[in-house]
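For reference, the structure is listed below as structure tokens.
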Amino acid sequence: MARGKVQLKRIENPVHRQVTFCKRRAGLLKKAKELSVLCDAEVGVVIFSSHGKLYELTTKGTMQGLIERYMKSSRGAQPDAPIETPPLDAKEEINMLKQEIEILQKGLRYMFGGGAAGTMTLDELVVLEKHLEIWICNIRSTKINFMCQEIQLLRNKEEMLKAANKYLYDKVEENTGMADFAPITTNFSYPLTIQNEIFQF
């Protein structure tokens, strides 16, 4: 089924607006990470929600370092002078990844009731909160997709049951020759059918 064109205007319903913000923010952050990994680019994303909440992502280093680098390059950029991009030292990158892993492990211990709650700093809790919000958005999106698939499967089964009932009704009418034959009614929405080799569910 083709998706309709989305009108680019403010969503009036606050619930729909928050859900759309959550999904699109998660998608934007995911695309930024993919761009960084695939193209070895240094990406920084800053998002402020309508309530003033800050969401940020830096793929290499820190946001402060990225902003300082941007300020230097925008102030001292000359048309004929190439911008110097010093590569990250391997040790610095390893240390940065170790710190990120340690924060995530602390967060997992904190979520499962471990003793790390008292040792987490405010910055670590903010990072953990951001990760949890992204995970919640992904879980909700997957849950909605799963429920839509289940609904579609049930609709397909309903159509098959209707076709099976019509086929059996026509067969009975044909064999008995009774034009005024009425199907047996039950408490179900549709007459019961017997599964055979023609209609496999």
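FYI, residue positions are counted from 1 along the chain as it appears here.
Note: Cβ is positioned from N, Cα and C throughout, glycine not excepted.
Please treat TrEMBL annotations as automatic predictions, because they have not gone through curation.
What TrEMBL records for this protein:
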- 1-61: domain 'MADS-box' (DOMAIN)
- 87-178: domain 'K-box' (DOMAIN)
PLDDT averaged over the residues of the domain 'MADS-box' (1-61): 82
Helix-strand-coil residue split for the domain 'K-box' (87-178), DSSP-based: 80 helix, 0 strand, 12 coil
Three-state composition of the domain 'MADS-box' (1-61), taking helix and strand from DSSP: 26 helix, 10 strand, 25 coil
